[in-house]
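Q: Just passing along the structure, written as structure tokens.
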Amino acid sequence: MKAPAVKMEVTCLLLLALIPFHCRGQGVYAPAQAQIVHAGQACVVKEDNISERVYTIREGDTLMLQCLVTGHPRPQVRWTKTAGSASDKFQETSVFNETLRIERVARTQGGRYYCKAENGVGVPAIKSIRVDVQYLDEPVLTVHQTVSDVRGNFYQEKTVFLRCTVNSNPPARFIWKRGSDTLSHSQDNGVDIYEPLYTQGETKVLKLKNLRPQDYASYTCQVSVRNVCGIPDKAITFRLTNTTAPPALKLSVNETLVVNPGDNVTVQCLLTGGDPLPQLQWSHGPGPLPLGALAQGGTLSIPSVQARDSGYYNCTATNNVGNPAKKTVNLLVRSMKNATFQITPDVIKESENIQLGQDLKLSCHVDAVPQEKVTYQWFKNGKPARMSKRLLVTRNDPELPAVTSSLELIDLHFSDYGTYLCVASFPGAPVSDLSVEVNISSETVPPTISVPKGRAVVTVREGSPAELQCEVRGKPRPPVLWSRVDKEAALLPSGLALEETQDGKLRLERVTRDMSGTYRCQTARYNGFNVRPREAQVQLNVQFPPEVEPESQDVRQALGRPVLLRCSLLRGNPQRIATAVWRFKGQLLPPPPVVPAATEAADHADLRLDAVTRDSSGSYECSVSNDVGSAACLFQVSAKAYSPEFYFDTPNPTRSHKLSKNYSYVLQWTQREPDAVDPVLNYRLSVRQLNQHNAMVKAIPVRRVEKGQLLEYLLTDLRVPHSYEIRLTPYTTFGAGDMASRIIHYTEPINSPNLSDNTCHFEDEQICGYTQDLTDNFDWTRQNALTQNPKRSPNTGPPTDISGTPEGYYMFIETSRPRELGDRARLVSPLYNASAKFYCVSFFYHMYGKHIGSLNLLVRSRNKGTLDTHAWSLSGNKGNVWQQAHVPINPSGPFQIIFEGVRGSGYLGDIAIDDVTLKKGECPRKQMDPNKVVVMPGSGAPRQSSLQLWGPMAIFLLALER
């Protein structure tokens with residue numbers, strides 16, 4: 001019976017509670033170790049899912065990877081990813097969490113994922129797993145036809161190629177059908193099926209050679225990834241007829257269409273051929289169709305067209321036969337802007353000034369659409385300029401922009417001085433003329449540029465506006481072009497490489513430190529003399545407040561020991577400390593004594609505390625200024641202890657007893673930097689059940705704690721299956737230190753491959769590592785009396801688990817609809833390494849109901865292949881009681897145990913199991929009477945009083961003291 005074992009375990013737990021604290025002298029700091037496991041919706045999983053390195057998942061499902069870590073202190077986990085190809089860039093996911101979860105995973109998210117775990121001890125642990133995302137797109141079928149002359153034009157041979165393309169992972173399998181018949185080389189000499197070169201399994205071609213009458217039919221391309229990840233096959237069908245033809249188009253307008261702004265433009269794209277009926281689509285380049293444009297079938301309408309609507313409009317017709325047909329309209333909306341002029345002195349004589357007796361050229365240009373349709377007219381002093389031997393008008397000067405008009409004055413005379421006007425126009429179009437005026441006289445001189453006195457260096461504070469200025473003299477005065485000098489390919493704050501200003505001033509709003517540097521100003525070669533640009537430079541100096549380190553620092557020291565606080569200047573402009581002010585708890589401190597050797601070093605400020613005391617503990621602030629702004633270093637000085645470091649690698653920390661519904665937990669920790677402050681005297685432990693307000697508080701005395709020393713305390717009387725918040729605070733002569741907290745959960749141990757003698761009570765969702773078989777008809781269900789369906793079938797199934805408490809969980813099979821006679825549910829254990837000749841499987845079962853089927857225990861051997869062997873079986877109604885079975889097994893190699901529930905003839909056939917134990921050695925010789933009822937706690941059965949245990953325990957404690 002189970003009761004004596006229960007009493008003995010309770011005795012041990014009480015004994016441990018009396019001796020709760022233990023120290024281990026060896027250091028337990030250990031480098032991080034990591035292991036990747038997966039969960040979620042993987043569709044191809046190896047049997048050993050712990051060591052599997054490839055995770056196959058269907059596109060759109062949820063990807064979930066977990067990085068299991070060990071090491072002390074607790075390692076921090078970071079996930080990164082590389083793409084599927086070595087040529088792709090490394091992608092930082094920056095996920096700092098042990099679990100990586102991606103909803104609706106996409107194909108581009110496949111690749112190798114890395115889990116990096118580090119805790120500052122040794123080198124980081126890096127593990128990886130490749131994620132393979134499976135998908136199958138809709139196939140695309142295109143048809144191509146060729147006609148060739150055979151035997152000297154005696155007759156023509158027509159060949160048709162049906163090309164089927166699909167994107168998939170893994171590569172798809174192609175099946176071609178004519179009607180409902182599958183095609184192959186061997187069955188029809190008139191067909192050929194092949195894969196083109198360099199298509200990587202994405203394309204299959206069906207070639208119909210020397211087309212015959214029976215070849216005019218419906219053809220289907222079916223693609224399949226063999227139902228991997230449950231992805232269904234897809235197909236596309238095309239009907240080939242004797243009229244099948246590629247699309248053909250024509251336009252209702254010329255390929256170049258010139259219109260006026262404000263016109264309503266309509267362009268028709270007309271089909272002249274194609275079977276099946278092609279689909280028409282309009283597009284615009286660059287960018288989308290204009291706002292308000294309407295593309296309906298083959299007609300494109302643009303109301304009230306504007307200059308910005310100019311561009312290429314493409315009409316494309318597709319019917320998957322041959323190549324798409326495409327026609328393009330170049331829409332030009334008449335417009336003119338940016339009228340400029342240039343004065344070019346005698347080029348042959350390399351002159352930069354206007355001189356009588358030398359040649360002079362005046363040029364005029366506008367940016368227009370269409371550029372070649374612009375006409376220019378020159379006027380002198382308000383009258384049309386007359387052509388002569390000394391006055392020539394030319395167009396398209398190779399040294400100037402295209403479609404530029406030039407007025408050349410040969411052998412300049414005094415009478416040539418005057419005002420020249422250039423007028424650009426579109427004849428007969430409702431586009432306004434543009435004009436530019438040039439005055440030629442003895443006062444017309446080339447420009448000079450300079451920086452005003454005192455403006456060569458402009459100093460401003462960060463965030464303020466700034467104005468850089470260059471002065472231009474000359475007649476006429478050209479625009480000024482600004483650019484950066486000292487940074488290669490650097491852009492101006494406006495985002496432009498070159499910025500034009502008419503008054504020579506570059507205005508900057510809210511300058512930043514990145515804008516510091518040298519700026520160049522130079523004269524433009526338009527709207528002035530076409531000569532070598534004149535240039536000057538201006539230096540912009542942006543001042544900004546200091547940046548210091550540390551911004552915040554926690555300083556710990558034992559009572560009575562000295563401390564040096566240092567606030568260092570990292571950067572700033574000016575790069576010096578003008579003033580440094582220290583405060584303690586907000587109160588101003590007297591300036592520290594100046595060290596003569598440090599007067600030259602103005603990059604830090606120091607404060608020395610001769611001894612740390614309770615009165616000197618607190619917050620110190622050093623405010624540093626560089627006359628532009630200030631920054632502060634914050635120091636928190638104290639003698640309090642650092643927080644404990646919980647140890648998360650305790651093997652099987654949970655100890656439970658099903659009948660008492662209590663469990664104990666081995667809490668372990670180390671003390672962070674114990675020698676940094678005074679010795680820890682004791683710990684304050686607080687234990688609070690989640691969702692409860694009250695907490696149990698206890699003091700744990702300790703002796704001197706060494707760095708790396710593992711401390712532990714046994715928490716008892718914790719209620720199954722509740723979780724608890726644990727708070728642990730160290731105390732020194734200074735007082736309370738930093739508190740550490742963690743949540744502990746009730747978990748049942750997952751049996752390791754080397755087999756630990758643990759009983760599985762199914763009290764947590766992990767169900768001790770058991771998994772549902774993927775090849776059975778339905779699944780086992782975990783439930784307790786509180787989660788039972790209130791409408792469940794009566795007269796079958798257990799009311800509670802083996803403990804008789806409503807919170808206790810068990811596993812059962814639900815045999816109501818849609819279950820049918822003979823349906824099987826299998827629950828599979830973890831994989832165990834066989835290290836003994838004999839094992840005993842013990843478990844409780846509940847088989848109550850008039851339609852009870854069978855409960856089978858199978859052993860799955862993994863020695864050579866996979867072999868399932870029946871070890872135990874029971875059928876029929878056994879009453880509304882829990883009963884125990886002991887089943888001996890002798891596996892020859894690695895093995896798993898399987899509980900198989902088989903549905904009987906009706907719905908009153910629920911079967912349940914609980915408290916499964918697998919132990920080395922033979923089973924008890926005296927088997928439990930299968931009809932004997934297991935006595936539940938609280939049923940009135942005799943039980944040894946806990947008071948009777950104090951005598952033996954007191955004797956044991958006295959012996960320990962002696």
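Backbone N, Cα and C define each Cβ position, glycine as well.
Look at TrEMBL and you will find 786-795 tagged as compositional bias 'Polar residues'. TrEMBL lists 31-130, 139-237, 247-330, 345-439, 447-539, 546-638 with the feature domain 'Ig-like'. Taken from TrEMBL, the feature domain 'Fibronectin type-III' applies to 650-750. Per TrEMBL, domain 'MAM' is recorded for 758-925. Annotation comment: TrEMBL describes 786-805 as region 'Disordered'. Taken from TrEMBL, the feature signal peptide covers 1-25.
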Q: Under 8 angstroms, Cβ to Cβ: which one of 247-330, 345-439, 546-638, 650-750, 758-925 has the largest number of such pairs with the domain 'Ig-like' (139-237)?
A: 247-330
Q: Below 8 Å between Cβ atoms, which of the listed ranges 247-330, 345-439, 546-638, 650-750, 758-925 makes the most pairs with the domain 'Ig-like' (447-539)?
A: 345-439
Q: Counting by DSSP secondary structure, give me helix, strand and coil numbers for the domain 'Ig-like' (345-439).
A: 6 helix, 43 strand, 46 coil
Q: Among 247-330, 650-750, 758-925, which stretch has the most Cβ pairs under 8 Å to the domain 'Ig-like' (546-638)?
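A: Comparing 247-330, 650-750, 758-925 against the domain 'Ig-like' (546-638), the winner is 650-750.
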Q: Please work out the helix, strand and coil residue numbers for the region 'Disordered' (786-805) from the DSSP assignment.
A: 0 helix, 0 strand, 20 coil
Q: Count the residues of the domain 'Ig-like' (546-638) that DSSP assigns to helix (H, G, I), to strand (E, B) and to coil, and report the three numbers in that order.
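A: Its residues fall into 3 helix, 51 strand, 39 coil.
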Q: What is the average pLDDT across the domain 'Ig-like' (345-439)?
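A: The answer is 92, the mean pLDDT of the model over that range.
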Q: Give me the DSSP three-state residue breakdown of the domain 'Fibronectin type-III' (650-750), ordered helix, strand, coil.
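A: Residue counts for the domain 'Fibronectin type-III' (650-750) by secondary structure: 3 helix, 55 strand, 43 coil.
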Q: Using DSSP, how many residues of the domain 'Ig-like' (447-539) fall into helix, strand and coil, respectively?
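A: DSSP classes over the domain 'Ig-like' (447-539) add up to 3 helix, 44 strand, 46 coil.
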Q: Per DSSP, how many helix, strand and coil residues does the domain 'Ig-like' (139-237) have?
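A: Computed counts for the domain 'Ig-like' (139-237) are 6 helix, 53 strand, 40 coil.
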